[in-house]
Structure formats: C-alpha cells, structure tokens
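A.B. asks: Dropping the structure in here first, questions after.
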Amino acid sequence: MNKKKKPFLGMPAPLGYVPGLGRGATGFTTRSDIGPARDANDPVDDRHAPPGKRTVGDQMKKNQAADDDDEDLNDTNYDEFNGYAGSLFSSGPYEKDDEEADAIYAALDKRMDERRKERREQREKEEIEKYRMERPKIQQQFSDLKRKLAEVTEEEWLSIPEVGDARNKRQRNPRYEKLTPVPDSFFAKHLQTGENHTSVDPRQTQFGGLNTPYPGGLNTPYPGGMTPGLMTPGTGELDMRKIGQARNTLMDMRLSQVSDSVSGQTVVDPKGYLTDLNSMIPTHGGDINDIKKARLLLKSVRETNPHHPPAWIASARLEEVTGKLQVARNLIMKGTEMCPKSEDVWLEAARLQPGDTAKAVVAQAVRHLPQFVRIYIRAAELETDIRAKKRVLRKALEHVPNSVRLWKAAVELEEPEDARIMLSRAVECCPTSVELWLALARLETYENARKVLNKARENIPTDRHIWITAAKLEEANGNTQMVEKIIDRAITSLRANGVEINREQWIQDAEECDRAGSVATCQAVMRAVIGIGIEEEDRKHTWMEDADSCVAHNALECARAIYAYALQVFPSKKSVWLRAAYFGKNHGTRESLEALLQRAVAHCPKAEVLWLMGAKSKWLTGDVPAARSILALAFQANPNSEEIWLAAVKLESENDEYERARRLLAKARSSAPTARVFMKSVKLEWVQDNIRAAQDLCEEALRHYEDFPKLWMMKGQIEEQKEMMEKAREAYNQGLKKCPHSTPLWLLLSRLEEKIGQLTRTRAILEKSRLKNPKNPGLWLESVRLEYRAGLKNIANTLMAKALQECPNSGILWSEAIFLEARPQRRTKSVDALKKCEHDPHVLLAVAKLFWSQRKITKAREWFHRTVKIDSDLGDAWAFFYKFELQHGTEERQEEVRKRCESAEPRHGELWCAVSEDIANWQKKIGDILRLVAGRIKNTF
C-alpha cells in the first residue's frame with residue numbers, strides 16, 4: 001500500500017466543503033466561461049439549471065410563492081381524510097432531512113407497488129384480453145380470411161383487374177341523372193301497334209331498295225324477326241303467369257344441368273336442393289376462431305399425452321359439433337388404438353359410428369375389455385333382434401356373472417318362467433342384491449316366495465324392503481294377523497343389526513304400500529314408526545302434520561292410521577277428534593263418521609261441535625229422531641249451550657215443526673238468554689208472517705241487547721216491509737247511535753233514502769259513515785255505486801280513485817274498478833289489481849269475469865276454479881261459476897259445480913246474502929239458492 005496516498009482521495013467531499021476555502025482562495029470567472037452576451041428577447045437556455053431555477057417563469061412563481069405568505073386555509077379547502085389540498089409547508093426550506101424523508105416514502109411506495117405489481121399486471125392483462133375479445137380490431141376480425149390469401153395462385157393475382165382512374169371517377173365528376181317516368185300512353189300505343197304492312201313505301205325502292213338481289217338478302221326472313229316477339233300482334237296487357245312459368249323453367253334447366261354433371265364428385269338432387277341448403281347451416285354457435293383455438297389446444301394435448309382418453313373424446317366431440325363427422329370418427333378410432341383399455345373411448349367410438357360399424361367396434365372393445373359391463377349393455381342396445389340381445393347378454397354374464405345390471409337387463413327380456421329360472425341363478429351370483437331377491441319372490445308361489453324372502457333376510461339382514469315385502473305377501477294371501485308381527489319383528493331385527501330406523505323413509509314406504517293396495521301393511525308400518533324419534537311434547541303437532549302430508553300425497557289409509565293412533569294416545573283432545581272427524585267426513589263413509597263421532601262425544605262431552613256434527617250427519621240422512629236424541633244428549637252434557645239450542649231450533653224449523661221450535665226458543669230465552677237466541681226467535685216469527693209477535697220480541701230483545709246491530713237491522717227491515725219508511729228510518733238511526741261502526745246498518749239507511757229518492761241525503765249519510773268508519777271499503781264501494789246508478793260516471797271514477805288511495809289493498813274496490821274502466825283499459829286495470837291483491841277472491845273473480853266477457857272460455861274457467869279454491873265460502877264466486885257453466889259448459893260440469901258448492905256451504909257474498917237472507921227463501925237449500933243467484937246474474941260486464 002502506498003503510504004503517500006491520502007486516505008480521503010476518492011471519497012466524496014463532506015457536506016458544505018468548498019475547495020480552496022481553507023487557504024483563502026476565492027473563485028472567479030472570465031468572459032469565456034460566461035459566453036457571449038445575449039439579447040433580452042433571446043429564449044433562455046436553462047436546460048442545465050437546477051429544478052425551480054431554470055426559467056424566468058420559475059423565478060416568477062418562486063417570487064410569487066414567497067410573496068404569498070397566507071395559504072388558502074379555508075374550510076372549503078379542507079378534507080377530513082386528506083387535510084388541506086395544498087402542502088402546509090410548501091413555503092418552508094427544503095432541507096436534507098426532508099429529502100431523506102421523501103426518499104424513504106418513495107422507497108415505501110416502490111416496495112408496496114412491487115408487492116401488488118404481479119396481481120395488478122395480471123388484472124390489467126385480463127381486462128385487456130376481455131376488451132379485445134368483446135371489441136376485436138378489424139385486423140383480427142379478418143385474420144382468418146386473410147390467411148386464405150396464401151392459397152391464391154399467381155395467375156389469379158394477375159387476373160385481378162386494375163382499378164385505375166375509374167376508382168373515384170363518379171365522385172370527381174358527379175353526373176346528375178334525370179329520371180322521367182314513361183307515360184302510360186307510350187306503352188298503350190306500342191302494345192297496340194302489331195299490324196303487318198301490306199305495301200312498300202316508294203322511298204324504299206329507290207337505289208335498288210329492298211328488292212335488289214343481295215347475298216342472303218333482306219327479304220330472307222331475319223333471324224327472330226318473324227318469330228313471336230316484336231311482330232306478334234299485341235294483346236294490350238302483360239301475361240305475368242307466363243313470365244313466372246318461364247322463370248321456373250329456367251331454374252329447372254339449371255338444376256337439371258347440375259344434376260346431370262359428372263365432372264364433380266357429387267350430383268345435385270333437384271327435389272332435395274332446398275333441404276340440403278338448410279342442412280348446410282352449421283349447428284354450432286361458437287366463433288370460428290374459438291373452434292380453431294380449441295382444435296389446436298386439443299391437438300397439443302393429444303401429441304403431448306397420446307394415452308390420455310379424455311383428449312381423444314373431446315377432440316372427436318369438437319369435430320362432431322362442427323359438422324365434421326368423418327373426422328370425428330377417424331379421431332376416435334385413433335383414440336381406441338392409443339387407449340385400448342379405456343372404456344369411455346370405446347363407448348364414444350361406438351356412439352359415433354353407424355350401426356354395423358358400431359357393432360364391430362363394440363366387438364373389438366369386448367376383446368380388449370371383457371369385464372366391463374357398459375360395453376356389453378351397449379352391444380345389446382345395438383342389436384335389433386330380441387334373440388340377438390339375449391345372446392349378447394348371456395355371453396356377458398359368462399364373463400361378468402356378478403353384475404346386477406346385466407342380470408336385470410337379461411331378465412327383462414325373458415318370459416316369466418324363464419325369468420324365474422334366471423333369477424334363481426342371479427341371486428346365487430349376486431346374493432346381496434335386494435332387487436333380484438324381491439323380483440324372484442314376486443315370480444314364485446306363496447310357499448316358495450316365503451322361502452326366498454327368508455333366504456334374502458339371511459343374506460341381507462339390514463334391508464327393510466325385504467321385511468315389508470314379506471308383510472305384503474302375507475296380506476295378499478289373507479294372513480293379516482301376521483302383518484303386524486312381521487313389521488314389529490323387522491324393527492327389532494334391524495335395530496339388532498345396527499340399522500338406524502329412519503322415520504321419514506318408513507312413512508314413504510307406507511305410502512307406497514297404500515298406493516299399491518296393501519292397507520294392512522301400510523297401517524302396521526305407520527303404527528310401528530309413528531312415534532320413533534319424536535319428543536313427547538311435539539307428538540300431537542308432528543302427527544297432525546304427518547296426516548296432512550299423507551292426505552296431500554293421496555295416502556288416505558296412512559292418514560287414517562295416524563289419526564287412529566293419535567286418538568289412542570290423546571283420547572281427551574278435542575282438536576284431534578275434530579281433525580279426525582273432518583277427515584272422515586271428507587274421505588270416509590257416513591257410518592265410519594258417525595261411529596267416530598259417538599266415540600268422540602264419549603271422550604269429550606263438552607265439545608259442542610262434535611255433538612252438532614253427529615246430529616247434522618243424522619239429519620242429512622233423513623233420520624230426524626236420531627238427530628233429536630243426539631241433541632237431547634248434548635243438552636244433558638251442555639245444559640246452557642247456545643249452539644246446541646239453536647241447532648235444535650234449526651232442526652225443528654227445517655222439518656216444519658214450528659211449535660216445537662217456538663217452545664225450544666222460549667226455553668232457551670229463559671235458560672240461556674243471548675242476543676242470537678232472541679234474533680232467531682224474531683226471525684222465526686217473521687218468516688211465519690207473525691209480524692206483531694216479531695216486533696214485540698224485537699223490542700224485548702233490544703231492551704236487553706241494544707248494542708246488537710242485527711236486531712236493529714231486523715226492526716228496520718220489518719218496518720220497511722210494512723212500507724213504514726219513517727219508522728224504518730228511525731229504527732236505523734237509533735241503531736246507528738248505538739252501533740256507529742256497523743257497516744250493514746249504514747248501507748241499509750242509505751239504500752232506504754235512495755229508494756225514497758233522497759239522493760242528497762243518501763250522499764250525506766254515506767259521507768258521514770266514511771268519517772265515522774275510515775278505511776272501510778264497503779262504504780266507499782256503496783258511494784261509488786250510488787253515483788254510477790245516478791248516471792254520474794265522472795264523479796264515480798273520482799270517488800273510486802279516492803277509495804283506492806285510502807284502501808289500496810281492498811279486493812272488492814279493485815274488482816269494481818276494473819269494470820268501471822272502458823273495455824280497452826280493463827286488462828291494464830286487472831294487472832294493477834293483481835299486483836295489489838294477488839290472492840283476493842274478489843279480484844280473481846273479476847279477472848275470471850273479464851276473460852268471460854272476452855269469450856276466452858278456457859282461461860275464464862281456470863280463473864273460476866282458482867277463485868273457489870282460494871275462498872270456497874264466497875257464494876258470489878260459486879254463482880258466477882255456475883252461470884258460466886250454464887252458458888258454456890256441459891251438464892257434467894254444471895252438476896260438478898253444484899255439488900262442490902253444496903259441499904262447501906258458502907255463507908258470504910253480496911249477491912249470495914241478498915238471496916239467502918231473504919225471508920221468502922229462508923227454507924231454500926244451498927243448491928236452490930245457487931240457482932236463484934245465478935238466475936239474477938246478467939253478464940253485461
């Protein structure tokens with residue numbers, strides 16, 4: 001090492017070092033260092049100046065920043081997250097530590113940027129590829145077409161004509177064409193000038209003229225001159241039919257020429273020409289570029305791994321989709337050579353090949369893969385003769401005797417006796433197949449079937465179907481007492497073998513037994529598994545749900561078994577007895593229902609509804625004394641029951657025992673004086689035309705129950721029937737003072753005033769009623785109808801709009817609004833109504849009537865069915881439905897609607913109640929009321 005060399009040489013100078021400053025030297029410059037002088041207007045060349053000091057503009061900005069001491073620190077320039085928009089320290093000196101801090105921040109930013117760089121670049125690349133895929137360049141769109149230019153020969157290139165100056169000649173020299181229509185007189189004149197000239201103009205004979213001999217002279221008939229054409233006498237009109245025939249003839253000639261051509265490889269069939277054109281349309285919807293990419297990718301996979309079966313299958317299917325079936329066949333056959341042990345490749349090859357070739361392919365596959373079941377199944381499917389199928393399957397069973405699928409396919413082709421023999425062998429080869437054992441048991445006799453099932457249980461002790469089949473076998477042969485034992489033994493045996501008893505699966509098996517007609521088996525299964533896996537407090541609820549589910553699945557015997565078991569567990573539960581009674585009423589016989597009700601009232605004597613159901617069942621069958629005895633027993637169990645009193649009164653009045661009914665009502669008024677008892681007493685006297693007695697009873701009832709609106713309504717209606725309008729008005733007004741929220745009372749009073757002719761008073765009453773009962777759709781509807789009946793349709797529409805604003809979910813208002821619209825707007829209104837009230841029966845009924853008015857019979861019937869299904873208690877829906885069937889249905893449909901209505905027993909509906917509650921119709925049956933209401937309907941909507 002050189003000791004004379006100073007250690008600081010080659011090192012950077014310390015901060016603030018100025019050369020020569022320590023020895024007192026000062027720097028100086030000469031003119032050669034500065035350069036020549038510049039003019040003030042010359043551009044400043046400060047390229048080598050430090051940033052911020054290069055130009056005059058930079059100096060001005062610096063001076064301005066120095067002069068501008070107060071920054072913009074207003075609230076509008078402040079952000080909670082970023083602070084002020086500008087730097088608070090921009091006017092301060094930029095020192096070394098600031099530079100170091102900026103370098104650290106820059107390094108951090110660079111580091112963070114590098115961490116996300118790969119993911120960001122990948123995302124940007126995917127976005128660019130997606131954009132290029134959605135919006136490819138024109139160059140990319142025509143790239144596949146440009147590749148075909150390589151196939152153009154040099155002669156074809158040279159034969160392309162030069163464009164020359166004609167390229168833009170029309171644009172450079174515009175020529176304005178004038179098109180003038182030819183007058184009709186021109187065509188008429190030339191069509192009529194078809195005469196022959198019989199003389200020669202003398203001017204034509206000068207200079208030798210036409211008579212001068214001329215080689216092939218002009219007198220010689222000119223080719224085409226005398227043929228049909230210009231010399232043919234004109235007819236005055238064009239024959240378009242002949243023009244069409246000529247065009248067809250020309251097309252036939254061209255097709256014939258092509259079909260007779262032998263220069264090409266194919267010959268065109270004229271008859272199938274258009275069909276062939278349609279078949280040439282490609283069936284795939286992918287882009288041609290995507291197909292080419294997929295083809296290249298699959299080719300690469302095949303070359304990289306030629307023993308990969310999915311690559312060959314995918315390649316063949318790609319060619320098949322693109323319409324190149326022969327290429328697909330060639331590829332898949334090459335695949336069978338490269339992958340001879342792949343079952344999927346052989347099956348795909350058999351699928352792509354035509355019939356005979358496919359058989360050969362399958363035969364070759366069997367030689368390579370003699371143990372594969374699907375190949376044998378495919379071979380059997382390719383055979384058309386039953387004997388050939390049997391031969392193939394038997395050959396397959398020689399190689400694969402333990403295949404259940406092959407045995408099943410072979411047995412299906414045999415006759416019953418041969419199938420039984422084959423199944424005997426099948427269960428030996430496949431002893432764990434439940435299906436084969438059960439199939440053999442079905443074909444055997446009773447004794448042999450029992451032996452077969454016993455062997456099946458020995459081989460498969462964990463399957464429930466064998467036990468259930470054994471129970472069904474015993475039931476089918478009359479041994480019903482064994483069914484219960486077999487099912488109980490099955491539960492015990494399965495649990496002993498570690499099988500979990502799945503309650504849902506057993507219930508499904510019971511439903512299948514029910515549908516198959518094995519009633520005892522399904523009931524035994526239900527009794528055995530109904531209580532498994534259920535908490536004690538959830539039993540009742542779960543069992544009722546199970547019963548409903550069975551009814552929905554049409555497994556009625558299963559539901560009956562559930563109710564029977566539930567009644568044994570809960571004998572004192574009224575709700576269970578009621579559910580069972582309703583089930584028996586809908587799905588059982590009258591005798592079973594009455595027996596059930598007798599047991600029910602014995603366990604639940606306080607359940608009034610059970611007594612009433614029993615009495616009604618007897619009454620409907622015409623056994624009035626039995627109904628009376630049931631009600632007498634009900635009185636003993638429920639001495640002061642209003643329902644039983646009224647049921648007894650109805651029974652006597654319906655059978656014309658009016659004195660008995662009066663005595664019963666008198667006893668009821670003394671022992672159980674309720675408002676309904678008084679109301680029935682008044683109505684009985686009213687319908688018997690004992691007006692005075694009815695009025696006295698009504699006054700007595702009102703002294704006890706003045707807040708019961710139906711009594712006031714009956715009082716007013718009796719006065720109205722006697723034409724005592726003032727007294728009727730007074731009765732309604734008194735009733736409204738006591739019952740201001742009774743909508744029927746308001747309606748009766750308003751209709752009374754309208755009947756008298758006091759429209760102004762009617763409007764006032766309805767407005768007052770709406771104030772006392774806001775959001776009441778019935779009152780709004782009556783107000784709208786009042787204006788409509790008065791002929792003020794504009795006011796009616798205005799009121800309807802207000803009503804829908806106050807009651808936007810009212811079905812009766814929407815149904816009325818539909819038919820207030822003009823016919824073209826009704827459909828739109830009905831759509832709005834369905835959006836607001838999708839499941840309201842009034843809206844559904846209005847839609848059905850709308851379809852009816854448009855003569856869309858099928859749709860109208862569908863909507864009527866939907867209406868009565870949603871609300872079977874709406875009598876108006878049944879009446880309109882019955883009227884519809886009277887006009888457009890058969891007698892069977894009419895009878896069906898009537899019977900369904902009688903079973904539903906509707907009680908509500910505006911038109912229905914107007915007829916059913918009329919005093920003149922008090923003894924009418926449901927069917928009679930239905931006919932009366934339907935007779936009043938006029939389909940003028």
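Each position is counted from 1, following the chain as shown.
Cβ atoms are placed via backbone N, Cα and C, with glycine included.
These numbers come from a predicted model, not from an experiment.
Residues or ranges marked as region 'Disordered' by Swiss-Prot: 1-79. Marked as compositional bias 'Basic and acidic residues' by Swiss-Prot: 39-65. The phosphoserine annotation in Swiss-Prot covers Ser143, Ser279 and is backed by similarity to another entry. What Swiss-Prot lists as phosphothreonine is Thr180, Thr266, Thr275, and the listing cites similarity to another entry. For 384-416, the entry in Swiss-Prot reads repeat 'HAT 1'. Among the features that Swiss-Prot reports, repeat 'HAT 2' is placed at 418-444. What Swiss-Prot records for 445-476 is repeat 'HAT 3'. Marked as repeat 'HAT 4' by Swiss-Prot: 554-586. Sequence annotations record features per position, and here Swiss-Prot assigns repeat 'HAT 5' to 588-620. The repeat 'HAT 6' annotation in Swiss-Prot covers 622-654. The annotation repeat 'HAT 7' is assigned in Swiss-Prot to 689-721. Among the features that Swiss-Prot reports, repeat 'HAT 8' is placed at 723-755. The repeat 'HAT 9' feature in Swiss-Prot is assigned to 855-887.
Structural setting of the listed features?
C.D. replies: Neighbours of Ser143 (phosphoserine), defined as other CB atoms within 10 A of its CB across all chains, total 12.
Mapped onto three states, the DSSP output places Thr180 (phosphothreonine) in coil. Long-range C-beta contacts of Thr180 (phosphothreonine), restricted to its own chain and to partners at least six residues apart, with a cutoff below 8 Å, are absent.
Sequence-distant contacts of the repeat 'HAT 1' (384-416), counting only residues of its own chain at least 6 positions beyond either end whose CB sits under 8 Å from a CB of the stretch, comprise 370-371, 373, 376-377, 422-423, 426, 429-430, 433, 435-436, 439, 443.
Within its own chain, the repeat 'HAT 2' (418-444) has Cβ neighbours under 8 Å at 401-404, 407-408, 410-411, 451-453, 455-456, 459-460, 463, 465-466, 469, 473, counting only residues six or more beyond its boundaries.
Residues in the repeat 'HAT 3' (445-476) partition by DSSP class (helix H, G, I; strand E, B; coil) as 27 helix, 0 strand, 5 coil.
Counting same-chain residues at least six beyond the ends of the repeat 'HAT 4' (554-586), those with a Cβ under 8 angstroms from any Cβ of the stretch are 507, 510-511, 514-515, 519, 522-523, 526-527, 530-531, 539-540, 543-544, 546-548, 592-593, 596-597, 599-600, 603-604, 607, 609-610, 613.
Long-range contacts of the repeat 'HAT 5' (588-620) within the same chain: residues 560, 567, 571-574, 577-578, 580-581, 626-627, 630-631, 633-634, 637-638, 641, 643-644, 647, 651, 654, each at least 6 residues beyond the stretch ends and with a Cβ under 8 Å from a Cβ of the stretch.
Within the chain, the repeat 'HAT 6' (622-654) has long-range Cβ neighbours (under 8 A, six or more residues past its boundaries) at 601, 605-606, 608-609, 611-612, 614-616, 660-661, 664-665, 667-668, 671-672, 674, 676-677, 680, 684, 923.
Residues 673, 675, 678-679, 681-683, 727-729, 731-732, 734-735, 738-739, 742, 744-745, 748-749, 752, 919 of the same chain lie 6 or more positions beyond the ends of the repeat 'HAT 7' (689-721) yet place their CB under 8 Å from a CB of it.
Confidence for the repeat 'HAT 8' (723-755), expressed as mean pLDDT, is 92.
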A.B. asks: Same-chain Cβ contacts of the repeat 'HAT 8' (723-755) under 8 Å, 6 or more residues past its ends?
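C.D. replies: Hits for the repeat 'HAT 8' (723-755): 706-709, 711-713, 715-717, 761-762, 765-766, 769, 772-773, 776, 778-779, 782, 786, 789.
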A.B. asks: Residue counts in helix (H, G, I), strand (E, B) and coil for the repeat 'HAT 9' (855-887), per DSSP?
C.D. replies: 27 helix, 1 strand, 5 coil
A.B. asks: Kindly assign Ser143 (phosphoserine) to one of the three DSSP-derived states: helix, strand or coil.
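C.D. replies: Note: Ser143 (phosphoserine) is helical by DSSP.
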